[in-house]
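J.: Below are the structure tokens for one structure; questions will follow.
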Amino acid sequence: PSTESHGPLSPIDPQCQSCAHIPARVLEAVPGTDYVIPPGACNLLNSSTVYANNEVNLAEVDIYGFDYDYTLALYSNALHSMIYNTARDFLIEHFKYPEGIRKYDYIPNFAVRGLHYDIQKGLLMKIDAFHYIEPGTVYRGMSPVPDEEVLQLYGGTYHVPLQQDSGFYGKVCIGPKVKQFMDIFSIPEMTLLAATNDFFITSGIEYDPVHLFKDVSVSEAIGMVHLKGYMYKWVMKDLDKFIQRGEETAAVLHRLVSQGKKLFLITNSPFSFVDKGMTHMVGKEWRDFFDVVIVQADKPHFFTDCIKPFRRLDGNGDLRWEKINSLDKGQIYKQGNLFDFLRLSGWRGSRVLYFGDHLYSDLADLMLRHGWRTAAIVPELEQETKVVSTKRYALSLTWLQALTGLMERLQTHRDPASKVVFEEWHNEREELMVMTKNLFNPQFGSLFRTCHNPTYFSRRLCRFSDVYMASLSCLLNYDLSYTFYPRRTPLQHETLCWLQPQSK
């Protein structure tokens, strides 16, 4: 049966030749699709919503902390293109990579955040919360790798062992073979890796994928863009082009301060860059909003290293030599560590809510070790919720779940007719999963799901953030005494009870 013959909300049709072979008890056991997805449920999604993984009462939060890049300041996609182009040209001019790589322009929608990269095999892929590769999402260069070949490459399984994955912060240490990309800035890096691999493969040139990864990664070409300050110069030269929705950031800060909240900023970016951007978004007196400002903090080491002391910057941005015995409003501090920050500020536990975009570098330690409340900024939510809110997605997902329910019950019937129907449904289900994935991204699908399972990224988003949202401006939709309640979603053993129709 197909959605064309039955209609997307009618999973079974007694008149259909295929359905006529289905045992009656199978048909009777399958609930209507109203119990799979309530009508109109997907239309309730709103990209301005704050989503809760854990209960958070804002009335109990007195101190609000912020990262800068992709938290206070949101950047346009034009920045990714410039990072990619500069790193690509650096490969050619500094490492003497072939000139032919220059023909590969940046593709904005090729990669998504949260992907994994097999360093030795040169493969970019999407992994779910259980460390399984999602079929159809493995790319060698710009071309997909057939599922059969993926199974051969990984010893007959889609599973990637934990010990092969990179370290807790996404860094590649000695031993791990798979790098995870959790940073928004890593999107041009993934695209450059894919493009460079593609050039060598299509040109028939032998190369070492390990050398390629090292040359492209944050330690070399991509890292050079940040370490040499190119990105900072681009943004400061054209703030209107690169910084988005600055007026909304200003509105959030005004509101928090007007209601007596204390604010602090901890960022890895240099003061000159932050000052320029904050002045653009908030005004020259932006420092008056913050009780503590810390730049070049070297996160995530800031949260774990108890050795580096704070140093104060003077009005010209030069380092002072005095010992820091207090963190004073109006001053700018560099480096330091969280342990001294806690000692000098006295800000501890669930009174603090910290906002950041990087799940590891910004949020993980604060939640796991220090009991701060954490809020993840996930700009991709805006586009994801748009897709999920479409009628096409809702109908495809409804039919997919209904079809899965039918297959689950029909699989116990071994007669030839039932086997034929099951095979047809299996093929249609595979097509539906691909179609649903492609609505988000043709190569890798949704940032949050691999069909039925959460992605590796999604599981960690739930683990390391109490709440998450598309941008800081989402806070403007809520009173500062509002309580965010997580939705109680059914566990697998509860699902049948939740979906069971009520007796009349």
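Just so it is clear, glycine is given a Cβ too, placed from its N, Cα and C backbone atoms.
No curator has checked TrEMBL annotations; they are predicted automatically.
Quick paste from TrEMBL:
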- Asp67: active site, nucleophile (ACT_SITE)
- Asp67, Asp357: Mg(2+) binding site (BINDING)
- Asp69: active site, proton donor (ACT_SITE)
- Asp69: GMP binding site (BINDING)
J.: Please report how many Å separate the Cα atom of the residue listed as 'active site, nucleophile' from that of Asp357 (Mg(2+) binding site), as a whole number.
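T.: A Cα-Cα distance of 8 Å.
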J.: In whole Å, how far does the CA atom of Asp357 (Mg(2+) binding site) lie from that of Asp69 (active site, proton donor)?
T.: 8
J.: Non-local Cβ contacts of the residue listed as 'active site, proton donor' (under 8 Å, 6 or more apart, same chain)?
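T.: Within the chain, the residue listed as 'active site, proton donor' has Cβ neighbours under 8 Å at Tyr75, Phe185, Thr267, Asn268, Ser269, Asp357.
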J.: Including all protein chains shown, what's the count of other C-beta atoms within 10 A of the C-beta of the residue listed as 'active site, nucleophile'?
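T.: Total other Cβ atoms inside 10 Å, all chains included: 24.
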